[in-house]
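Structure record follows, encoded as structure tokens.
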Amino acid sequence: MTLSREAATQFAKVLSEALPYIRRFVGKTLVIKYGGNAMESEELKTGFARDIVLMKAVGINPVVVHGGGPQIGDLLKRLNIESHFIDGMRVTDSQTMDVVEMVLGGQVNKSIVSLINQHGGSAIGLTGKDAGLIRARKLKATRQTPEMTKPEIIDIGHVGEVTGVNAELLEMLVQGNFIPVIAPIGVGENGESYNINADLVAGKVAEALKAEKLMLLTNIAGLMDKQGNVLTGLSTAQVDALIADGTIYGGMLPKIRCALEAVQGGVNSAHIIDGRVPNAVLLEIFTDVGVGTLITNSQR
């Protein structure tokens, strides 16, 4: 494709403006949780793969953790296996866990790996069971209604929480010029499999690697105030206040708590970004504009 002089000039300007950011992040690790609309639109999927390859090409080390809830739901439906959710968590019995492993560790993971490699990257697909990458234990879930005097412990099956990350494996892959793509399946002490929220896995991976950034792709423009305005930059103290006054609630709470834990655990910053925007990851890294909410570990 031949660019016009005007287009070529604009292209050169964009590259020039990105240079300070490239210099700043060369050699740094960025953990990106990939999910939502960005995984469903063919255009956005291709754009994401190209963005990841570009990051690696300029010396930044991306590590991808992906979700796949809709794809799991589709296969369960085709197999006539009912899905049940409690407080937003999929109840995962042994039969459902088999499907989760098939979809996340197989179909979804390999399609992402293939697309990145198709655009010039060297991606390698992993689940948390590979070399004990994501160690886990059964999540103890509770539920309480106003009528209860104490919380009720509920069994949601093979749903887990992260207890450890094999950072050495990921560092070896990154230094070998590979792009790790991780399915959020954990392994227990006895080799049992656990279905883990992808945001939580991404956060723990970012902490273990002391990543420069944790980036969570979502289907919203970012965190919003009660008037619907996007909050572009927040400290951990401000986030705590927004949770306390009810501005942040419901399905966003686990994502935000994951971001808070990451920055409090040594990650330089966490970003809640709009995955519906083309090239969202590059816009957030290489421009002042951004496409979401930045959270830093500040008390101001």
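The backbone N, Cα and C atoms fix where each Cβ goes, glycine too.
According to Swiss-Prot, the site 'Transition state stabilizer' annotation covers LYS33 (among others), on the basis of sequence analysis. The secondary structure of LYS33 (site 'Transition state stabilizer'), as reduced to three states from DSSP, is extended strand. Counted within 10 Å of its Cβ, the other Cβ atoms near LYS33 (site 'Transition state stabilizer') come to 30, all protein chains included.
In the three-state DSSP scheme, ASN195 (substrate binding site) is classed as strand. Annotation source Swiss-Prot lists substrate binding site at GLY68, GLY69, ARG90, ASN195, citing sequence analysis.
The site 'Transition state stabilizer' feature in Swiss-Prot is assigned to LYS255 (among others); the stated evidence is sequence analysis. Under DSSP, LYS255 (site 'Transition state stabilizer') is assigned to a helix (H, G or I) in the three-state scheme. All protein chains shown were included, and the count of other CB atoms within 10 Å of the CB of LYS255 (site 'Transition state stabilizer') stands at 22.
Shown in sequence order, GLY67, ILE72, GLY73, THR92, VAL100, VAL103, LEU104 are the same-chain residues outside GLY68, GLY69, ARG90, ASN195 whose Cβ sits within 8 Å of the Cβ centre of the substrate site. You'll find the Cα of ASN195 (substrate binding site) roughly 16 Å from the Cα of LYS33 (site 'Transition state stabilizer'). Non-local neighbourhood of ARG90 (substrate binding site): GLY69, ILE72, SER83, HIS84, THR96, ILE156, VAL159, ASN195, each in the same chain, at least six residues away, with C-beta under 8 Å from its C-beta. Using a 10 Å radius centred on the Cβ of ASN195 (substrate binding site) and all shown protein chains, the other Cβ atoms total 26.
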